[in-house]
């Protein structure tokens with residue numbers, strides 16, 4: 001009996017030793033000083049602790065400075081896994097156009113899109129709307145950083161695609177890149193994509209001026225919820241094939257409601273303030 005107990009104890013001890021060795025082996029396989037090979041060019045594998053720390057630090061930094069696009073991009077990547085980016089990928093796999101996009105892997109840059117050509121399209125087209133929006137806002141499709149922190153190679157492309165399509169969302173909604181406009185668009189994107197970063201961006205509204213907050217809560221947030229939920233999955237739009245289409249026709253097809261022109265609203269507010277100031281001076 002004593003011998004049997006001794007044998008069982010030794011067996012348990014050996015199993016525990018094997019588990020401990022396996023855990024140490026895994027730790028050696030993936031640690032700060034010993035990372036696995038990247039899954040695609042530019043990929044940086046992260047441990048769960050590193051991912052969490054990077055997500056929190058980037059979220060705080062982007063909240064303090066909403067113009068830090070690099071921090072916002074990092075928050076997007078580190079909070080999209082393990083569930084949300086797979087949900088978006090699965091939405092593409094469930095759609096015929098989404099599957100084509102995943103197969104073709106198109107990229108949106110100034111090399112893949114001829115901006116001079118788009119500027120000469122009829123004014124009611126998607127391409128003209130996109131190009132003139134870029135010109136008005138002074139931005140370029142080449143400013144989108146490459147995905148680094150998503151482990152799955154296909155999901156990394158999905159995030160890259162979302163990132164490069166962001167300016168098309170701006171163009172068809174007409175929202176400018178001022179902080180107020182970015183927050184409104186991020187709220188719209190959250191309702192449409194469920195990417196956590198887009199929802200977290202709404203907290204940046206606390207840094208808006210009082211009149212901007214009032215507009216956001218009363219006009220643009222209700223619009224974002226309403227339109228974001230009603231519209232089709234925008235990740236499945238093959239924008240490169242829509243450039244010559246009527247932009248209003250595409251909005252109707254995608255069920256996108258265009259919000260009130262934010263630049264026009266801000267301009268009128270400035271003019272009213274200027275007129276009121278001049279009236280005080282004259283009096």
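For all residues, glycine too, the Cβ spot is worked out from N, Cα and C.
The Zn(2+) site recorded in Swiss-Prot includes 166, 167, 170, and the single candidate from 153, 182, 211 that the record places there is 182. For residue 166 (Zn(2+) binding site), the same-chain residues 6+ apart in sequence whose C-beta sits under 8 angstroms from its C-beta are 144, 185, 189. Neighbour density for residue 167 (Zn(2+) binding site): within 10 A of its CB lie 21 other CB atoms from the protein chains shown.
Neighbour list (residue 182 (Zn(2+) binding site), Cβ cut-off 8 Å, at least 6 residues apart, same chain): 66, 175, 201.
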